[in-house]
Structures are given as C-alpha cells and as structure tokens.
Amino acid sequence: MSKKVINAALLGLGTVGTGVYKVLRQQRDEMEQKIGAVVEIKKILVRNLKKAAAKIDDPSVLTNNWKEIVEDDSIDLVIEVMGGIEPARTWILEAFQAGKHVVTANKDLVASYGSELLDSAAEYRRDFLFEASVAGGIPIIRPLKQCLAGNHISEVMGIVNGTTNFILTKMTQEGMEFAEALALATKLGYAEADPTADIQGLDAGRKMAIMASIAFNSRVTFQDVSTEGITQISSKDIRYAKELGCVIKLLGVARNTDTGIEVRVQPMLIPDTHPLATVNDSFNAVFVHGDAVDDAMFYGRGAGELPTASAIVGDVFDIVRNILADATGRIGCTCYKQLPIKDPDDMESRFFLRLHVDDRPGVLASIASVLGNNNVSIAQMIQKQKDGDLAEIVVVTSGVREGDFNDAMLIIEGMNVVHKVSSVIRVYGE
Ligand code: NAP
Ligand code: HSE
C-alpha cells in the first residue's frame, strides 16, 4: 500500500526552521505508524538561498518566492518560522485563503494579531496552532486550551524568557553585573544579536499576552501588558534581596480579578522558597492556578533549536491527525468573553525601594511621612552601611495601589535630602 503523504512548506530556515527540519527527519521512520502519514517538506522559503543550501540535503526544495508555495495545491500545511509581523501576517492570511493549515512560533505576531489570524482560520475551517510561541519546548498552549478547559483559571505566572533568566542567574550565583552577564549570554548564543526584546521584557510580555488570552478566555494583546526589563538591576539589589530571603526573577504575572485582567512582566523579588526561585539558567517555568486543578507547574527549555522544534512538530502532527480524521478547525479561538483590562495604576504591588539620602536626623522620618501620606504602608525599613557621605536605606512596602506609590515617588525624588533613587523593584506576593 502506498504511503499517505502530507506536504508541508517551511517559511524560514534559521535556528527554529533548521530544528524543525532535523526533528521531522528524526521522526521519519516512525511517523506513519505514529500519526498515519508522512510529512514531507516540499518547499523551504528563505531570503538567502546560498546560505540555506549549506544546511540541508536537498537544496532543490529552496525558494525565495512565496507564490510557489501559496499557489501549490499539493501543499496542505505551512510552518511559519521567519519571525516579525510582515510579511508573516499577510502570508498566513493568504495560506488560509488557499486552504492551508498553519503552524507558527511567532509570538510577536500572535500577541498582536492573534484574533485576526484565528478568525481567518475559522472562516476557512483551517487549523492554526502556535504552541512554540510561548515558552519554546514547554507544552502550555494546548494544556490551557484543552487539558485545563474544565477550570476557571485565576492566575498564570512564570519565567518565560530564557535569556533574562540566564543573566539573572549569573548575577545571583556568580555576582556578575548586568553587562558582564549579558555579554556571556551573547557569547553562549542565548541572547540574540539584538537582545532588546529580551532584556526590556517585551518578549516575555508577548508570551504573557498570549497565555492570558487563552487562560481567561478574553483577548489580551501585547499593548495591554505592563512591561519592565532587567537592565536596571544591579548585583547589589540581588545581594540585598538575598538578605531578605529572596531572589530576583523577571516574572510574568497574569491575574483574572473581579475588577479586570492584569498582565505584567517585571523584575520581582520572590521568596527563595518559592518553586520559581530555583528555575535557573535558560530554563522557563509556568505556574497555573485553576479552581479545579488547584496549582499546576510546567517546566523545561523555553527556547533553542530542538526544544522549539519539538513544540512545532507536535502541532504539525496534530494537524496531520486532524486532516486524516477530517476534523480540522476543531479548536479555534477560545476568547468568548470581553473582560476589562485593569489600569496599571490600580494594580496592587509590594515594592523594594533603595535610596541614597543625607545621613542626618529626621531623614528617615520625612521619607516615611511622604509614603504614609500617600497610603503607602511600610513593612520594613533598613539603614544599610554608609555609602561615602550618604546613608543607603532600603524600604519594603506592604501591598499598595501602584498609582499611590507613584505619587509618593514623585515627591520623594524631589526631596533635597534624597540624592538618588537607586532601585525600585516589585516584590511578588501579598
Ligand atoms: P532566525 O534564526 O533569525 O531565522 C529566520 C529565518 O527566516 C531565516 O532563515 C530567514 O532567511 C527567514 N526569513 C526571515 N524573513 C524572511 C522573509 N521575509 N522571506 C523569506 N525568509 C525570511 O529566527 P529564529 O530564531 O529561527 O526564530 C524564528 C521564529 O521563531 C521567530 O518568530 C521567533 O520569535 C520564534 N521563536 C524562536 C525561538 C528561538 O529559540 N530561537 C523560540 C521560540 C520561538 P534568511 O536567513 O535568508 O534571511
Ligand atoms: N529570546 C527568547 C528567550 C527565546 O530568551 O527566551 C525565543 O522565545
């Protein structure tokens, strides 16, 4: 009996595209038994044909012409691993129109245009899967959409950026400053040539927008996420955090509250006893709290050639099974609610504040008074050793409305006795 073949096209042959090519090859011998068909990569689209030719066995599949793919009716499935918004967005829409299913790893695109793409997939009854767009190799989209569908999920939080977790781990364990740790991340290939999206928290923000939309069944876009990166974190902050029994992690936190959805990515102090405190190096982890499941945690490699390809090939196999069962387009957009997004000023946070101030009587009292007058309650206030002529103080607040804290900080920054606001970092938890 002849083999059943499903033809696919790969858009992009960089880190992830090469991984997909390799994993499909590794799976080749058992694919038919596993899923009932063999996936053939019929075309690979790149810009630089010569560079790509060195990476694969059969360069005849390479093209730099999208029309050769979209107009080829024998191609059922498009795997988009180019990245960026355009032309990826337009080509995916054209792929659906042409009757093709799509798998992507493109979080930039899904976090901003997920709704449009899912609607188009539904219109043409095609599958659109994007497991690799959040936390690389860790299964999280499918668990949220399917395995945990019997829950009302109230919180999804975690470490969803490997580059920044690697940097913070080096700063914590080896006392490196940020610039040194970033240089090491770049040298080892964790950080991209332009690491801005990682270190500014944008990459994690996109992943949190995607997860929050699915977890809370209500659309959250990247623009709804409050993001802050790790460039201002110093090894001294990390040392002081340790004295408080905490580590500093770049956390993504999404909550579905009675007053709206809040989604943020910020560096935070987290107790060293919390399971996320031990997620180190380039690993990622995601915590989910649901009313039925209680707590569930997902841990693994959040990036890289093969871990990301693992998620993509899982999606590809799912689509092949759906095609064979004539069941495509079964699970589309799950955002059937329209919940409000909370104003960042109305979110509640605890803060760690490090200040350099005049070393004279009454200074601590005047700072405490500004905080108190703005409804900011102090949980701890510690005077560290003198730093030159100045006193260095650390304040940890109780949970406060962010708008109130910002009002207090505007006054504190303008006080004559305050020489520098050296750090403002949030503290995870009530
Ligand atoms: P990459 O190494 O930069 O590779 C991009 C590939 O896409 C290259 O082969 C490039 O071809 C091709 N390409 C880009 N624009 C194109 C265009 N307009 N026309 C034709 N080909 C084009 O990127 P990557 O790291 O593999 O990431 C790919 C996607 O996966 C991104 O959306 C990324 O966010 C996502 N992702 C990556 C990881 C990871 O660990 N790297 C993890 C999860 C998700 P040329 O080389 O010829 O320009
Ligand atoms: N740049 C990302 C990270 C990997 O460092 O986690 C791609 O999602």
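Placement of Cβ uses the backbone N, Cα and C atoms for every residue, glycine included.
In the three-state DSSP reading, Lys207 (active site, proton donor) counts as helix. The active site, proton donor annotation in TrEMBL covers Lys207.
Using a 10 Å Cβ-Cβ cutoff, Gly12 (NADP(+) binding site) registers 24 neighbours. Marked as NADP(+) binding site by TrEMBL: Leu11, Gly12, Leu13, Gly14, Thr15, Val16, Gly17, Thr18.
Under the heading NADPH binding site, TrEMBL lists Lys107. Within the same chain, the residues at least 6 positions away from Lys107 (NADPH binding site) whose Cβ sits under 8 Å from its Cβ are Phe130, Ser133, Val134, Asp203, Arg206, Lys207, Ile210, listed in sequence order.
The annotation L-homoserine binding site is assigned in TrEMBL to Glu192. DSSP assigns Glu192 (L-homoserine binding site) to coil in the three-state reduction, placing it in neither a helix nor a strand. Taking a C-beta cut-off of under 8 angstroms and a sequence separation of 6 or more, Glu192 (L-homoserine binding site) has the following same-chain neighbours: Thr163, Asp198.
Among the features that TrEMBL reports, domain 'ACT' is placed at 352-426. Remark: secondary structure over the domain 'ACT' (352-426) totals 23 helix, 33 strand, 19 coil, with classes taken from DSSP.
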**Request:** Restricting to the same chain and to sequence separations of six or more, state which residues have a Cβ under 8 Å from that of Val16 (NADP(+) binding site).
**Result:** Val81, Ala105, Ala132, Glu305, Thr308, Ala309, Ile312
**Request:** Using the centroid of the Cβ atoms of Leu11, Gly12, Leu13, Gly14, Thr15, Val16, Gly17, Thr18 as reference, list every other same-chain residue with Cβ within 8 Å of it (recorded NADP(+) site), in sequence order.
**Result:** Leu10, Gly19, Val20, Val81, Met82
**Asked** Out of Gly14, Gly17, which of the binding-site residues is least crowded by other Cβ atoms within 10 Å?
**Response** Gly14
**Prompt:** Where does Leu11 (NADP(+) binding site) sit by DSSP, helix, strand or coil?
**Reply:** strand
**Prompt:** Using DSSP and three states only, what is Thr18 (NADP(+) binding site)?
**Reply:** helix
